[in-house]
Amino acid sequence: MNRESFAAGERLVSPAYVRQGREARRSHEHLIRLLLEKGKCPEDGWDESTLELFLHELAIMDSNNFLGNCGVGEREGRVASALVARRHYRFIHGIGRSGDIAAVQPKAAGSSLLNKITNSLVLDIIKLAGVHTVTNCFVVPMATGMSLTLCFLTLRHKRPKAKYIIWPRIDQKSCFKSMITAGFEPVVIENVLEGDELRTDLKAVEAKVQELGPDYILCVHSTTSCFAPRVPDRLEELAVICANYDIPHIVNNAYGVQSSKCMHLIQQGARVGRIDAFVQSLDKNFMVPVGGAIIAGFNDSFIQEISKMYPGRASASPSLDVLITLLSLGSNGYKKLLKERKEMFSYLSNRLKKLSEAYNERLLHTPHNPISLAVTLKTLDEHCDKAVTQLGSMLFTRQVSGARVVPLGSVQTVSGYTFKGFMSHTNNYPCAYLNAASAIGMKTQDVDLFIKRLDKCLKTVRKEQNKESDISGVDNYDKTEDVDIEEMALKLDNVLLDTYQYSS
């Protein structure tokens, strides 16, 4: 209510009570004003009443919510279902215009304001997470793979002779297909094994640049967040190579915002060499539904070029989701989540190390990977070719999601390219292994339950191989726990074993 409305209310209710209510509303409005003035994530998260007031104030600025609005066009924000309208807080027009996803819509001042604020908050969080010199970013309503494709298509106009993308191998389908979809030929650079870790072959990258010629290379497409035993690419050295040969550099930072190490690599790469853009997922870093990504960079004009390359308007849902999340958490809440993730990484590492040693396996030494861990499965693989696959199937049927088992010798064809040792990021990794990751939002109870179920599955597989079952040395599995899950899993194990296959 405005001042006149409060004054009118004083004729109906005691003026003292109305003034008290007016001051309470002002406290909400003060938070909103600070957000609009500073464009930064508030330190402390907002309560739901402030959030809903803010979203309502923005929504009524859109033409579809005007009282008496007369729409005679083909896109007037009409929604058949009231449930759908409420789900989207009545933001129906989306963001951007037909020629620019970042442009302001005349029909949707509220949605446009929401878009601008969201991009500003996300930029603030990226700086908080470690990339202090980033200059611009925007939320795009596509996941990481298609967002990478958008970056490559933008570079096409700047480098008309280019047909190749140099790509240090990472066995993840979407980032590979992003290059194919954009119409370029990936040049796969195999990783080198250093101890247990798979690292960037810098000599091979530079040799390939010289062989193909810089003008014919669209960019180097590097990676930060990845599954162990692969570790983040040597971004600083790659950035120097790109600067020396005047080649663009696009970084796939899929779930790297939650890792200070990944963000430090990007910051250092931009400082000593060249990084044109880095792309990260919304769902993996901010715990929102799948469907959005952030494209960020150090050259404001290039990031604007990418946003203008997006054809047509776009869904506002990813922007709305991340705006609500960041305002609910506040910068202090997000920093707390980052701190807890690091603690969970150490806890998960210690528990996996103890369990692996009990089964005469070991936790692979991958100190350069700050999120993912890997445990060898040598003993299983040595005694039974199907044992590794069986372990993965058993974990899946026992509702353990996210763990990946990687057998030896897997071959897979992706978009016409055949990869040997697929999922292991190299043709011939020395052993089979199991992956687990400590991602943002993981709790101690998640780790404990995973270790118990993994222990149970390892014992079962060992029994089938005539091995001693009671050798783990870890906490005994609670036989009364997850009884229904175990009964269901036992029925499914044999059914799924022959068809089980983890998709990257």
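Glycine is treated like the rest: Cβ placed from N, Cα and C.
Residues or ranges marked as pyridoxal 5'-phosphate binding site by TrEMBL: Arg75.
Long-range Cβ proximity for Gln105 (substrate binding site), meaning a same-chain Cβ under 8 A and a gap of 6 or more residues, is found for His93, Ile95, Gly96, Arg97, Ser111, Ser112, Arg313. According to TrEMBL, the feature substrate binding site maps to Arg97, Ser98, Gln105, Arg313.
The tRNA binding site feature in TrEMBL is assigned to Arg271, Arg398, Lys463.
In the structure as shown, the Cβ atom of Lys284 (N6-(pyridoxal phosphate)lysine) sits within 10 Å of 22 other Cβ atoms. Among the features that TrEMBL reports, N6-(pyridoxal phosphate)lysine is placed at Lys284.
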For Arg97 (substrate binding site), just count the other CB atoms lying within 10 A of its CB, please. 18
Can you list, in sequence order, the residues of the same chain other than Arg97, Ser98, Gln105, Arg313 whose CB lies within 8 Å of the CB centroid of the substrate site? Gly94, Ile95, Gly96, Gly99, Asp100, Ala103, Gly312
Find the one among the binding-site residues Arg75, Ser98, Arg271, Arg398, Lys463 whose C-alpha lies closest to that of Lys284 (N6-(pyridoxal phosphate)lysine). Arg398
Take the C-alpha atoms of Arg271 (tRNA binding site) and Arg75 (pyridoxal 5'-phosphate binding site) and report the distance between them in angstrom, rounded. 45
Integer Cα-Cα distance in angstrom, Arg75 (pyridoxal 5'-phosphate binding site) to Ser98 (substrate binding site): 12
Cβ neighbour count (10 Å, all chains) around Ser98 (substrate binding site) is 9
